[in-house]
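First up is the structure itself, then whatever we jot down about it.
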C-alpha cells in the first residue's frame, strides 16, 4: 500500500505538493471547519488575535528550527524566555521607580540588557555541546533547571509588576484604528472616546506583526540565503562531512545555540511588552515542547538536516488555530492537549509514509 | 600535563571520577549535617526517602528506557493520570459497598494494569512506526494531560476513604517504650509520648518495586537484552533478539512505574492531580544521568540511578531545613546534571566499567 | 562499589540513631518560651500579609515565631515536605497552617498532633472545616479564615450591580484542582442566580499561565462580543483577562472583578484596568491565630472552633479612601 501510494504521489505534482505541505493544508481545512462550528471564528479580528498571541510561540519555534536542523534540541528556550522576561521586567521596574530617566530610555535599557543576558545560557550550552560533546538534550536540560532557578530568584516567585503603562500600549497597540464615518487614526484611538463607542472601532495590523515580520524575514534570509544557513544544514545532514569540508563546526554550533537562546530572549522581552509584567515561566507552560512539536509538524526531522522556517511557523499556527477554534466552538478546553498529541503523531506518520518527499 | 601524571595518580583520579556520585553524596550529607539543625536523625532520612519515592520509581523506569537509547517524557503526566484514575476508581468501589481496604487494593490493581496502556501506545509508535521516542512520548504527555484534566472537570479526584491516608502516611514498624514493637498500627499511647516510627509504608513499597526491577535488569535475560539493544541495536537484531517487542515492553515498564508513582502519590496525598508529577521529569532524568547512565544508551544500573535520586532528594530536604528557598534546587540540579556529564567526558572509562 | 555504599549507609544510620537520642534530650531542656510555626499555603501576597500579622502579634506577646518556606506552588505534594522538614528541627509547640488540601493534610498533621504539637488552621481547613463535632479531622483547635463561597456570592452581587443587573458574564479561573478557587467559582455561580437577566457564558481554566488566560478571554470575547463582566479568580486570571480586554479594545466597556488586594492589583484598579477587588483580611487572620494560641497556652482559654473575619470590596470610588488603606496586602 505504501509503495502504491508513493507511486501515485510520484506521478502527480499536485499531490506531491499537498503531501509536502500537509500542515498547511490541514491549517486551511481547520479554518474551514471552525468557520462553520465557531461563532465569530471567521473574522479578521480573530485571525489578528490568533497571530498576535502566537508571536511568542513563533519565536520559540524559529529558535528551535535552527537547533533542530543541526540535529540538536534546545529544551531551555521556555525558561530562557522567562529569565529574559523577569530580567527586563526587574530592570524596568527599578529604573521606573527611580524615575530619573524617560520612559523610552528605561524600556530600551531593560530590553537590551535582557537580550544580552539571554545570550549567556546559549553560550554555555553551546560550549558544552560543541567542545565537551555533552548531548544537547542534557546540556539544555541542565540549563532548563538553571535558568528557571535564576529567574525565580530574580522575581522571588512573583510576576514583576508595577511597570509603565507604555509597555502594553506598545505591545498591544495597532497601526490603524478605523471607524466608518470618522476615518482612520494611526497608532492610537482618537482622543476623547467614550466607553460605549470603543466597540465601534475596527483595529488593524497589530504593532507586534511588524516585529514578527521583520524577525521572521531576517531569520529566513539567514537560513536560506547565507553561508551560515548552508553550514547549518550541512552540519545537520552529516557532521563529519561538514568538518571535512572545512566548516568550523564547533564554533558554528555555539553560534546556533546562542542564536536560539537570543530568539527566546526576544520572546521574553516581547512578553513584557505584551503583558505589561515580567513573567517567570511555569512548569505547566511547556513552551519548549510545544515549540519542538510545531517544528516537527512543520516537517523537520529530529535527526537533523531538514526543516524550513516558514513551515515551522505554519506548525505553530496550526496548533494555535486548533486551540482557538476549539475554544470558540465551545469544546472542553482540555481536548486541545489531546489534539496536539494526535497531530504530532500524525506528522511523524506522514513523514514515515513519504520519506522521499522532503 | 598528561606526562606529568604518574600511573598511580591517574588510577586514583579515575577511581575518584568513577565514584564521584558517592563522594558527592557523602559530601552533601556532611555539609547538611554540619549546617542544618536536626538533619542527622532517622526521622529526616525517612522524610528524604518518603518524598523521594516518586523520583526513585520514575528514575528506574527512565533508566530502562535510557539504557535502550530512548527517552520517556510522558512519565510525569502518566503519574498524574494514574493518581486521578486510582482515586476515582477507589471512590467508586467504596461507594458501591466494598470494604475500604478491598476498594483500595482493587482500585490500585486496576490502575496499575491500566498504567500499562500509555506505555504500550508509546512502544507501538516507537517500535512499529519508527516515531522518535521524544515525539511519541511527548504526544503521550499531551494526551495523558488532556485525559486527566477531562476526568477532573466533572469533579475533583477527592474524598478517598480515610484508610488511604492512613496507609500512605503510616509506617511498617512502630516502637514505644511501654508497648514495645508493633507492625502497621500505631500503638495507643498518651499524647506526647515518644513513638519511634520506622520504615514508612510507601518507602517499603517503593523499595520492593525497585528491588524487583534491579533484579530484572541485572540477572535476567530481559536485562541482558536491554543492554544489548542499547549497546548496538543492529547486532541485537542479528543475534536474534525481538527488538520491537522488547522496546514495547520497556516503555510499558516505564509507564507502569510512573503509574505506581501515581498510586503512591494518591496514598500519600489522598487526591489525584493532573500535574502531580509535572516537575519530576527533570529530576528523574537527572537522577539517571547523575547515576552515570549515558543518553546514547547501553549503560547504567538501578542502584546508581537510585543514588542519583537520593542525592536530589537529600538536596531538597536539606535546603528546606536550612530554610533556603527551593529555587536554588533547580539551579543546583541543573549544575549537578551538567557536571555529571562533563565528568563522564573526562573519565570516559567509567561508563564502560559499569557495564560488566 | 555497592558494598561500600551499603556500608556508608549503615554507618550513617547508626550515627544518626545515636545523634537523635542526644537531640531528643537537648530539645526538652531549652523549651521555656512558646514557639509557633507558620506554614503558609503558597508564596503570594496574601500569605505574606498573614505572616506580617503573625510576626507582629508574636513580637507583641513574646511568642517565638518560625516561618516555614513559602511553597512555590499550591498543593500537598509541595507543602507536606516543607512542613515535615521544618518540624524536624524540633522545639515547636503550635503550628499555624493553611492546609493545601482538605484531606491530604489530615494524617501528616495528626502525626504531629500526636507528638504533642497543637494545630490551628488558617485561611483553609481540614475536612469540612467544622472541628466542633467528633471526626478524623477534628483535632485542630480552631479554623480561622475566610469563606470562599460566601466571597464568591458577594462578588457576584457586586459585579452584577456594576453592570446594571443584566448582560453576559464570564469566569477565568486558574485550576479546577484548587479547592479555594473552586469555592470562589461555585459561590459566584450561585450569586448570579439572584440576577435573572445575567447570563454566565463560560468558565475557563488557565492553569496559572497568564498568556493562557489572555488567549481564553479573547476567544470568549470573540464568541460573545457583548460580555459585560469578567471574574478573574486571582492575579493571573484578572491580568490575563485585562490584556484580552485591552486587545479587543474594550477597556472600560467590560468590567473586571478579581480576588485579593495585592499592591499590584490595587495599582491596576487605580489605573482603571480592573474595576472591582475583593480583599480578605489576612493580617487580622494571622494576628488572631497567634492571640488565641497564646491565650490557649498561658490561660488555658477555650478557642472557638471557627473564627471568620469578613471581606472588604474595593472599587474606583473607595480605592483612595484612607480607611481602606489597611486592607491592601503590603
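Note that Cβ sites are derived from N, Cα and C of the backbone, with glycine treated the same way.
All TrEMBL annotations are machine predictions without curation.
Within the chain carrying the transmembrane segment (B:20-40), a Cβ under 8 angstroms from the stretch's Cβ atoms is held by residues 290-292, 304, 307-308, 310-311, 314-315, 318, 321-322, 336, 340, 343, all 6 or more beyond its ends. The transmembrane segment annotation in TrEMBL covers B:20-40 (among others).
Remote same-chain residues near the transmembrane segment (B:46-67) are listed as 75-76, 79, 133, 197-200, 202-203, 205-206, 209-210, 213-214, 217, 226-227, 230, 250-251, 253-258, 260-261, 264-265, 268, 277, 280, 283-285, 287-288, 291, 293-295, 297-300, 302, 305-306, 308-310, 312-314, 316-317 (criterion: CB distance under 8 Å, separation of at least six residues from the stretch ends). The transmembrane segment annotation in TrEMBL covers B:46-67 (among others).
If you look up TrEMBL, you'll see B:74-95 (among others) marked as transmembrane segment.
Through the fold, the transmembrane segment (B:101-121) approaches residues 74, 78, 81-82, 85-87, 89-90, 93-94, 140, 143-144, 161, 163-164, 167, 248, 251-256, 258-260, 262-263 of its own chain, all at least 6 residues removed from its boundaries and within a Cβ separation under 8 Å. What TrEMBL records for B:101-121 (among others) is transmembrane segment.
The transmembrane segment annotation in TrEMBL covers B:133-152 (among others). Residues 65, 70-74, 76-78, 80-81, 84-85, 88, 118, 121-122, 125-126, 251, 272, 274-275 of the same chain lie 6 or more positions beyond the ends of the transmembrane segment (B:133-152) yet place their CB under 8 Å from a CB of it.
Residues or ranges marked as transmembrane segment by TrEMBL: B:198-217 (among others). Proximity of distant same-chain residues to the transmembrane segment (B:198-217), defined by a Cβ-Cβ separation under 8 Å and at least 6 residues beyond the stretch ends, is recorded for 42, 46, 49-50, 53, 56-57, 60, 63-64, 67, 167-175, 184, 223, 226, 253, 257, 260, 264, 267-268, 301-303, 306.
Per TrEMBL, transmembrane segment is recorded for B:250-270 (among others).
Under the heading transmembrane segment, TrEMBL lists B:302-324 (among others). If you look at the transmembrane segment (B:302-324), the same-chain residues 6 or more away from its ends with a CB under 8 A from one of its CBs are 21-22, 24-25, 28-29, 31-32, 35-39, 44, 47-49, 51-52, 55-56, 59-60, 62-63, 210, 213-214, 217-218, 283-284, 286-293, 332-333, 336, 354.
Feature annotation from TrEMBL assigns transmembrane segment to B:330-347 (among others).
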Spatial neighbours of the transmembrane segment (B:250-270) far in sequence, C-beta under 8 Å, 6+ residues away
50, 53-54, 57-58, 60-62, 64-65, 68, 70, 72, 74-76, 78-87, 90, 108, 111-112, 114-120, 122-123, 126, 137, 158, 160, 164-165, 167-169, 201-202, 205-206, 209, 213, 226, 276-277, 280
